[in-house]
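See below for the structure under consideration.
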Amino acid sequence: MCGIVAYVGPKDAAPILLEGLQRLEYRGYDSAGVVISNKGLKMRKVKGRVADLAAAVPARFKGGLGIGHTRWATHGAPSDVNAHPHLSTDERIAVVHNGIIENADELRAKLEADGAVFLSETDTEVLSHLIARTVVEADSLEEAVRAALKRIVGTYGIAVIDAQRPGEVVVARNGSPIVLGIGEKEMFAASDVAALVRYTRQVVHLEDGELAVLKADGFHTFASDARETAKEPLTVDWDAGHYDTGGYEHYLLKEISEQPETVARTLRGRLDDRFHIAHLGGLNMDARETRSFRRVKIIGCGSAYYSGQIGAQLIEELARIPADAEPASEFRYRSPVVEPDTLYVAISQSGETYDTLAAVQELKRKGGRVLGIVNTVGSAIARECDGGVYLHAGPEVSVASTKAFTSTAVAFALLALHLGRVRDLSPADGRRICEGLRRLPGQIKEILALEPQIEELARKYAHSPSMMFVGRVRGYPVAREGAQKLKEISYVHAEAYPASELKHGPLALIGPEMPTVAIVPDDELLDKNLTTLGEIRARGGRVLMVGHRTADPKLADDCVVVPRNETELDPILLSIPLQLLAYHAAVALERDVDKPRNLAKSVTVE
Ligand code: G6P
């Protein structure tokens, strides 16, 4: 959430910053700005997109040192003045910031009393004024930044430059990510590797409390007590090509279409044909320890949480261990009881969602054993966990999650198989699941081939004021994720309910104006689901059924038929038509599919 880029080196910083900001736009896109240091600070910031900023940056913005920002507003509405960077009154210090400063009001009052003139409503601006006050007496910019940060309560990823020190950038992290990029006689920093991979694949992740000084010829990192820290650079294996739309109209459609390959990548090398188990080397647990858990608790936010619900179901069915999922954002605030025989699993595509990270830290503090199911290698959540499973789904750029969602569900199937086979899951059932998993990529291709039909259905239903999504047991998280996808990218109101609960309240909403998307797999609950469809139709409700067979026209107006897999794995396949439905509904309603209003992809604030 909020994108930061910084550059110091022999090249002109402005085009590098603008390119980087474009790559980070999914983190926030309501306003953007850059500042270049060259005989004083030159700044441009605009309300709007990075493209608007690029058009507003004059060619005379030359110089090899600069910082840039793309914003997702927290304090103060999106506007030119509230956009970052923020300068000190004497225009010596410039700051970009991601995170929230909780004591900003108090600091602002003190600074104003001391003569600082605030131009914006942001919490960030206190930082530029604070640093400007300390830098006068400090021996170095890092000392001034450190002194200012000591007075801050809250979270931050920041980049700071000083007009009087034209060869260096100082960056610091507490709760919001900062990654350094190491180039040839040039250094970069950003809130995400996405902004760096075009220039370098050698990166260093800062830890919370760390600060770094970047100069063209290298970098130094320091802990909060000013002691220098030693960091090993990491090589990222995602390159710039992963961040292109690859000829698709939107990242979202590209990412939906990639699922046969991304699911195959999550499975690669992990299925064992001899013992019908899953190899998950990253779990860092031997068989005895794996057997010792009596409960599994899964946490994540948004789509990650819904994929966790699918995961809980898989673990209960295959491993017969009680499992449930809960939003990480709720979990961390209710002072959870942490038990030694519970296995905690944190899910995150980005690996940096603040609520999930804070929940993991709370668990670790209480001695909980936490595994991460994470897409971004080396990310904060991955580093914080005791072990885990990487998705290998490649970067997900569109704000709405699709391929990370299915890969997470697949990773859970692997984990459930693993937990099951060290317990009571028979070799025959293990083999059945392994074979089912192997069929998934081909079956996803078959579902993607239904796109023209789903597009037509999306056009038919997109103009409904509201839609109901229902599913039972395995189908319920599928319905929840389907409703989430529809509302977040098309802004059509959608509600998800367990089909079994419909008659206990929401059936009152059903009528011609509120169509229902019903998830109806051919499982042991088929008859119950068909009864629900009958109840909806009897109240004049229209039904779009997603399942394994064409329904009697008396029960459904439309049907999307997906291939069958093993019952336990069906939710993975049933999710995909709902992604296409939401995508085409959003397109039909001319929404900004990849950057839905009010949202951002990596939510690094509470
Ligand atoms: C945001 C995104 C969602 C995502 C959630 C969790 O709300 O808009 O698409 O599911 O964050 O993100 P994570 O990176 O932790 O999976």
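For all residues, glycine too, the Cβ spot is worked out from N, Cα and C.
TrEMBL annotations:
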type	residues	note
ACT_SITE	C2	active site, nucleophile
ACT_SITE	K601	active site, for Fru-6P isomerization activity
DOMAIN	2-217	domain 'Glutamine amidotransferase type-2'
DOMAIN	285-425	domain 'SIS'
DOMAIN	457-596	domain 'SIS'
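In this structure the C-alpha atoms belonging to K601 (active site, for Fru-6P isomerization activity) and the residue listed as 'active site, nucleophile' are separated by 9 Å. Every protein chain considered, the tally of other Cβ atoms within 10 Å of the Cβ of C2 (active site, nucleophile) stands at 27. Around the Cβ of K601 (active site, for Fru-6P isomerization activity), the number of neighbouring Cβ atoms within 10 Å comes to 24. Residue counts of the domain 'SIS' (457-596) by helix, strand and coil are 66 helix, 28 strand, 46 coil (DSSP-based).
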